[in-house]
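Noted in Swiss-Prot for the protein shown:
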type: BINDING; residues: Ala146, Pro147, Trp148, Lys172, Pro173, Ser174, Glu175, Asp209, Ser225, Ile226, Ala227, Thr228, Cys280; note: NAD(+) binding site
type: ACT_SITE; residues: Glu246; note: active site
type: ACT_SITE; residues: Cys280; note: active site, nucleophile
Amino acid sequence: MPHQLLINGELVSGEGEKQPVYNPATGEVILEIAEASPAQVDAAVRAADRAFAEWGQTTPKARAELLLTLADVIEENAQTFAELESQNCGKPLHCALNDEIPAIVDVFRFFAGAARCLNGLAAGEYLEGHTSMIRRDPVGVVASIAPWNYPLMMAAWKLAPALAAGNCVVIKPSEITPLTALKLAEFAKDIFPPGVLNVLFGRGKTVGDPLTGHEKVRMVSLTGSIATGEHIIQHTAPSIKRTHMELGGKAPVIVFDDADLDAVVEGVRTFGFYNAGQDCTAACRIYAQKGIYDALVEKLGAAVASLKTGSPNDESTELGPLSSQAHLERVTKAVEEAKALGHINVVTGGQKLDGAGYYFAPTLLAGAKQEDAIVQREVFGPVVSMTVFDDEEQVLAWANDTQYGLASSVWTKDVGRAHRLSARLQYGCTWVNTHFMLVSEMPHGGQKRSGYGKDMSLYGLEDYTVIRHIMVKH
């Protein structure tokens with residue numbers, strides 16, 4: 001079982017306090033891992049800083065070859081990574097193996113190629129006797145903080161563009177789900193030069209704060225909660241570090257009277273509840289037009305009730321447990337508060353499940369109002385709300401009336417309406433007649449309190465660079 005840190009090309013045990021790592025399907029402790037000590041955090045950052053002097057000057061081809069090697073290793077060890085992810089996160093094993101690992105491999109391969117296409121946009125004589133050039137250079141040492149919902153995938157989203165651009169990275173996975181990142185460290189040790197990639201373990205207060213606040217760290221990339229994002233922005237402000245924030249969402253799913261209801265039902269059944277709803281783009285906030293609202297409630301209620309919750313090792317399991325006991329309690333509280341409102345109708349689910357593990361029943365709540373907390377706040381669990389709307393202007397206003405701005409979807413046969421809504425929705429991504437689809441070539445990132453900066457795509461690669469102007473007199 002992986003339990004060591006990667007610092008300056010060496011696997012070492014943590015010197016800090018031991019923390020338990022749980023299997024959320026059973027509630028049992030898998031193992032205890034020692035956190036990085038303050039001295040080890042400092043050593044990792046300084047190793048990255050030393051390595052940057054050479055790594056930042058390597059050719060894109062050289063960096064690409066190592067990223068491709070890492071992609072191959074992950075692919076060759078897909079079963080191992082999937083089993084660790086399933087055990088540590090509670091994900092159905094078949095989802096981790098068949099959905100997530102191939103996407104992770106693709107991210108590394110995409111950025112390996114993208115590294116060789118990065119260039120400046122201008123070169124020429126803008127002043128007589130002088131030639132100007134634009135360079136895109138690496139930032140330096142990047143501190144990356146990965147979340148617990150997709151531990152290895154989010155690590156890939158952060159590592160691939162940062163390394164491709166020529167940065168050196170110190171990454172801290174969530175202390176709840178560290179196993180796949182620590183396993184990745186075991187392979188990365190023999191691929192990258194010492195110090196280029198460092199992997200730490202520990203809590204935010206004990207490891208995250210000294211890491212993100214370190215004087216040698218020039219950029220911090222976070223996928224996490226708004227509260228964590230606020231803390232890191234404030235914590236790093238005195239040193240004026242670049243920050244890259246993906247901070248969650250509450251995706252509106254706008255369903256018009258002319259929508260294909262069967263497609264909507266299948267889309268929400270799948271993408272409202274994938275990963276037990278622990279996804280910042282989950283289709284969790286449905287607005288259904290009044291002409292089809294009742295029919296959609298009935299159809300979707302039956303579909304959600306048919307979802308199978310069970311052991312992650314069962315091929316027929318569609319939903320595993322939530323990530324932790326604390327998160328189970330948060331989701332339970334949010335649903336109980338919604339149920340206490342007289343106008344909320346629990347169509348199906350609405351409670352935690354008996355037995356071992358952190359399981360919550362797939363839940364559909366109808367009759368929600370725009371001002372309800374269940375509509376306004378991210379639950380991050382297998383919980384979907386439904387609200388009826390009258391017309392296009394009303395639903396546009398409601399969809400945008402939130403602190404979040406990550407993802408949204410519009411379901412209609414009217415192409416003009418789809419374009420109108422897409423142009424006015426205040427979200428980083430809007431899908432039309434689908435939801436949740438992501439590809440390495442297209443950017444992912446939010447607006448408003450969902451954060452800023454892009455993951456994936458060439459835009460994501462550019463976020464890990466600095467633009468520099470070089471002027472030569474001749």
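Every residue gets a Cβ built from N, Cα and C, even glycine.
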Fill in the CA-CA distance, Trp148 (NAD(+) binding site) to Glu246 (active site), as an integer in Å. 13
Where's the emptiest Cβ shell within 10 Å among the recorded positions Glu175, Glu246? Glu175
Can you check what DSSP calls Ala227 (NAD(+) binding site), collapsed to helix, strand or coil? helix
Widest Cα pair spacing in Å over the listed NAD(+) contacts Ala146, Pro147, Trp148, Lys172, Pro173, Ser174, Glu175, Asp209, Ser225, Ile226, Ala227, Thr228, Cys280 is 24
Would you count the other C-beta atoms found within 10 angstroms of the C-beta of Ser225 (NAD(+) binding site) for me? 15
Among the binding-site residues listed here (Ala227, Cys280), identify the one with the smallest other-Cβ count within 10 Å. Ala227
Pro173 (NAD(+) binding site) sits from Glu246 (active site) (Cα to Cα, rounded, in Å) at a distance of 15
Near the Cβ of Ala146 (NAD(+) binding site), how many other Cβ atoms are there if near means within 10 Å? 27
For Pro173 (NAD(+) binding site), what residues in its own chain, 6 or more apart in sequence, show a Cβ-Cβ distance under 8 Å? Ala146, Pro151, Ala155, Thr180, Ala181, Leu182, Val199, Phe201
I want to verify one value. Collapsing DSSP to three states, which class is Glu246 (active site)? strand
